[in-house]
Amino acid sequence: MAESLRLLHMTRSVVSFNRCLTEKISYRRVPSFSYFTDFLNQVNSVSTTNFSFVFKECAKQGALELGKQAHAHMIISGFRPTTFVLNCLLQVYTNSRDFVSASMVFDKMPLRDVVSWNKMINGYSKSNDMFKANSFFNMMPVRDVVSWNSMLSGYLQNGESLKSIEVFVDMGREGIEFDGRTFAIILKVCSFLEDTSLGMQIHGIVVRVGCDTDVVAASALLDMYAKGKRFVESLRVFQGIPEKNSVSWSAIIAGCVQNNLLSLALKFFKEMQKVNAGVSQSIYASVLRSCAALSELRLGGQLHAHALKSDFAADGIVRTATLDMYAKCDNMQDAQILFDNSENLNRQSYNAMITGYSQEEHGFKALLLFHRLMSSGLGFDEISLSGVFRACALVKGLSEGLQIYGLAIKSSLSLDVCVANAAIDMYGKCQALAEAFRVFDEMRRRDAVSWNAIIAAHEQNGKGYETLFLFVSMLRSRIEPDEFTFGSILKACTGGSLGYGMEIHSSIVKSGMASNSSVGCSLIDMYSKCGMIEEAEKIHSRFFQRANVSGTMEELEKMHNKRLQEMCVSWNSIISGYVMKEQSEDAQMLFTRMMEMGITPDKFTYATVLDTCANLASAGLGKQIHAQVIKKELQSDVYICSTLVDMYSKCGDLHDSRLMFEKSLRRDFVTWNAMICGYAHHGKGEEAIQLFERMILENIKPNHVTFISILRACAHMGLIDKGLEYFYMMKRDYGLDPQLPHYSNMVDILGKSGKVKRALELIREMPFEADDVIWRTLLGVCTIHRNNVEVAEEATAALLRLDPQDSSAYTLLSNVYADAGMWEKVSDLRRNMRGFKLKKEPGCSWVELKDELHVFLVGDKAHPRWEEIYEELGLIYSEMKPFDDSSFVRGVEVEEEDQWCYC
């Protein structure tokens, strides 16, 4: 009785020990050897069960040191291990790649069975040493199916697929009976070789030997068909599996994802949950990828919660898929929380975050994460580089991009097509076109994305003809253009190349891509910007006519939302087209129609309509749009804010304009330019200069537009020295070559300060021909400062060479002659104007009262209250006449005088 109780106690202790040891090793808390020896001393016994269990756990968890200590204790204790125990010990050494120790154990084994040989073959196969594996295989006295499977798997893992096929053929010749694992391996070979026909032959063998109901073989079959883009066969195999397990469910869900049948993947996942098949690591990863691609944040979040409960959340593959899901569902906040709370982060986790922040246009955060990745010692790969190049493009970080491309060259990853494509895109967006073309030129292999990247780079940098040339080169290289190609090439045609655009439209129709939503929007944009609004509206109406669609309510809702987004882009293009044609009223009417149709405007719509309000000085409508912007919480957008600043200033409301400027959370050079331009336009030169100086202090780099505004402010104030300082600052401090508008402002500054001849010299020193604006500016200042008749005549002659029908040139010169008392020349000019049938451009004024726009032209009697208006103007003119020296209208015919004064 006492002996029985002792044995029972010892058995319970062994079970307890085994359980504790499993927990410690599985949680990476590898116990010290004393834990093992203390137990043996307590039970005062060593057995096959103890050592085999320890060796199995050490092999499973890679605890090599504990395995070695247990091996030493086994020798010291004098325990004579069985073949089974020694096979378990072999597994410890082969799993940890310690083949010296493994060979010693194998050589000293008194009795080897087929399992012993298989352990050595499998170990060498996994270590990419197929020579040694083959040597052991050939020396085996007896081989079983496991031995052959190890060789099959080894050759596959080492990329020697043809060798795997040879082994499979030899198995058949030797009469070895195939099992499910054999078929699983050889079908993986078919997938690797992309040889679906061979896979179908293997399928025939599977059916013939009766393995078609084997879940392992069937799962491999459906995986092979899915990867070979024959999903119908894959689905048929799945439906034929009598008892589906987590492996088969995982294979079919992964197949759906591989074939972009993402909704079906989610459907299978829900069905799997109903039958309680159990969720594996690969299922979590596949379904999370589907959620990411479909922006299914709600389901993705639920799956993450499920993973947390089942302890799968700590798995590296599942964690990376979860991070990627949150990032692609625009939820970087939860992605960052998961990232920060994760232990043992791997490179894939960093890649998911870098890519996510790059896609969310948080370039600086992505760059910081890449720096952390570099510091972590995990290294980088092609995905890391592609993501960080996008980040460099976002922040216009050319210097960072150059350094990172240096890393790509050093690591030979610059040869990767995806990395090269990302680098081309980055250089293009950073305006380093030469570098972009160099990377493109050095590529050994180019795909459609490579051509799209270099074409887009040239289009973004205003190289329209080069873009068209590259498009032709792409076609000659037999690369089929896609929606991204046509998007870039049609943008290149918006600069006036309508003929090319129409030819490309024909190519689009022939290629069958006219129904593509992205291409349709690009066509609408191209025709709108080329001034062919009617053609753009035709395409818009034809493209977005209602179509009969079917699907679930959820799918229909998504399709509807996507279509509304596409329609918004299309409407934006047409509205922008009207603005470019200076038809702001039509643009506003189109915006009203858009709202009536229930299409939600985006920030680009609001910005464009605010531009029309600025053009028409429609402060009322502008304020209504501003209210909508606040309601949709878009006021923090830098683009919207800049447009609001510009709109209020052009409507004469400098107070609200400055208020919007100061409230702006982020100001770029456009915001600063809008405010400075507003002050300059309203003659507030001092405020404009103060704001410009503040802009410099805040390290905002001014551009050409900034200097146009600040020079205009100097012209208003007559600040010749300050104007010259800013003019020379452009090239000296910022590398900006002055353009025609800058010279025009300098002519105005010099002329208004009385230095008319110096202004003429500046025009002659210009590196390019003066335009009509500059000559008209010079002629205008001649009317202010007398005794500059010769300069005025030269300016008039230049203006008439540019446009012989320019009536303003005659009018201004007439005023110069009148101021100089040269009445005969005034009369001659008036006769010439009548002889050439030239008429003064009628003056035009407008005012907005109670949301209604009133427009007035000289001599206009179309307004319903024109009689009251003319009566009031007559009273004002009669009060002005006694104080007017009439020098302005000398030389004008008497019957025209009153009409001129009503302008």
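Even glycines carry a Cβ here, placed using N, Cα and C.
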Handout entry: Which range of 14-44, 169-199, 851-881 is region 'Type E(+) motif', per Swiss-Prot
Key = 851-881
Problem - Intrachain neighbours beyond the repeat 'PPR 6' (214-244), with Cβ under 8 angstroms and 6 or more residues off its ends - result: 179-181, 183-184, 187-188, 190-191, 194, 196, 199, 203, 206, 250-252, 254-256, 258-259, 261, 275, 277
Handout entry: Same-chain residues at least 6 beyond the ends of the repeat 'PPR 12' (447-481) whose Cβ lies under 8 Å from its Cβ atoms
Key = 417-418, 420-421, 424-425, 427-429, 431, 433, 436-437, 440, 488-489, 491-493, 495, 497, 500, 504, 511
Completion exercise
Spatial neighbours of the repeat 'PPR 3' (113-143) not adjacent in sequence (6+ beyond its ends, CB under 8 Å) are 83, 86-87, 90-91, 93-95, 97, 99, 102, 106, 150-151, 153-155, 157-158, 160, 163, 174, 176
Fill in the blank from the handout: Per DSSP, the repeat 'PPR 10' (381-415) contains 29 helix, 0 strand, 6 coil
Problem - DSSP helix/strand/coil residue counts for the repeat 'PPR 8' (280-314) - result: 27 helix, 0 strand, 8 coil
Exercise for the section: Could you give me the DSSP helix, strand and coil counts for the repeat 'PPR 20' (739-769)? Expected result: 23 helix, 0 strand, 8 coil
